[in-house]
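Over in TrEMBL, the protein carries these features:
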| type | residues | note |
| --- | --- | --- |
| TRANSMEM | 14-35 | transmembrane segment |
| CARBOHYD | Asn86 | N-linked glycosylation site |
| DOMAIN | 87-145 | domain 'Potassium channel' |
| TRANSMEM | 93-114 | transmembrane segment |
| TRANSMEM | 120-140 | transmembrane segment |
| TRANSMEM | 166-190 | transmembrane segment |
| DOMAIN | 179-251 | domain 'Potassium channel' |
| TRANSMEM | 202-220 | transmembrane segment |
| TRANSMEM | 232-258 | transmembrane segment |
Amino acid sequence: MPGAGLCSCWGGQVLPLLLAYVCYLLLGATIFQLLEKQAEAQSRNEFQLEKLRFLENYTCLDQWALEQFVQVIMEAWVKGVNPKGNSTNPSNWDFGSSFFFAGTVVTTIGYGNLAPSTEAGQVFCVFYALLGIPLNVIFLNHLGTGLRAHLATIERWEDQPRRSQLLRVLGLALFLTLGTLVILIFPPMVFSRVEGWSFSEGFYFAFITLSTIGFGDYVVGTDPSKNYISVYRSLAAIWILLGLAWLALILPLVPLLLRRCCQLWLLSRGLGVKDGAAPDPSGLPRPQKIPISS
């Protein structure tokens, strides 16, 4: 019966996955609370002390006037205006910054430090995202389709001599290593240098960005005390698109590479991948084919 099949599917597959999902969320919530709650309380107390010192130094102000000024600062920050500096700060909506913002919209990163403040801008952002997000998904899926066509040749590697297989695996590993350096290692070094961050902060920004989490605590090109080149944020947006494309390429490739390395290791030990596999002319068992998922 359909109902029995549904219950069996729920009990056999969905329910354990749901429990693992909820447990993972609970584990994350617990660890984040332990790591961050005390630091938040300390920052809150330091901020209150700074407000008290400010009122002691400027006795012409009262608590209400200070709270009003803080509210003005918060509203400016929400609208993308950095309270530091003066009116000569670079615009958040010049072409380079607007290009960067458009990239964060279609990739669903959404740092949260900048958003349209006009009604026309908000309406346009909705329709722009409705078209841009599917276009971004189609672009990444197209890259994945091209990769699957390339992976079809990897299935036939066992038809070649073992030395040739080893060279192909080494070449593929070198390709992945160089790509990872270009996308995930060198850009954080550049961001750290330009923004004055540590390398760990730069790498944190790169990971949070390319994973499309986008907290907004670290964003490039927002410090008014620095003189950025005009195309800095545009180059950062291009890096984001290339990084997402790179992840779309390597995510299906890494498991296949690991399995191929395992097979070559078994062959070098004179072991078969699966009992009953037909031996090749050299007398070594042939590895089992790896199916390529559609």
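Keep in mind that glycine also has a Cβ here, set from the backbone N, Cα and C atoms.
These numbers come from a predicted model, not from an experiment.
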*Going along the chain, which residues at least six beyond the ends of the transmembrane segment (120-140) come within the CB cut-off of under 8 Å?*
102, 105-108, 244-245, 248
*By DSSP, how many residues in the domain 'Potassium channel' (179-251) are helix, how many strand, and how many coil?*
48 helix, 0 strand, 25 coil
_Below 8 angstroms Cβ to Cβ, which residues of this chain, lying six or more residues outside the transmembrane segment (202-220), approach it?_
104, 107-113, 183-184, 187-192, 194-195, 232-233, 236, 240, 243-244, 247
*asked:* Can you break down the domain 'Potassium channel' (87-145) into helix, strand and coil residue counts using DSSP?
replied: 39 helix, 0 strand, 20 coil
*Along the domain 'Potassium channel' (179-251), what average pLDDT does this model show?*
89
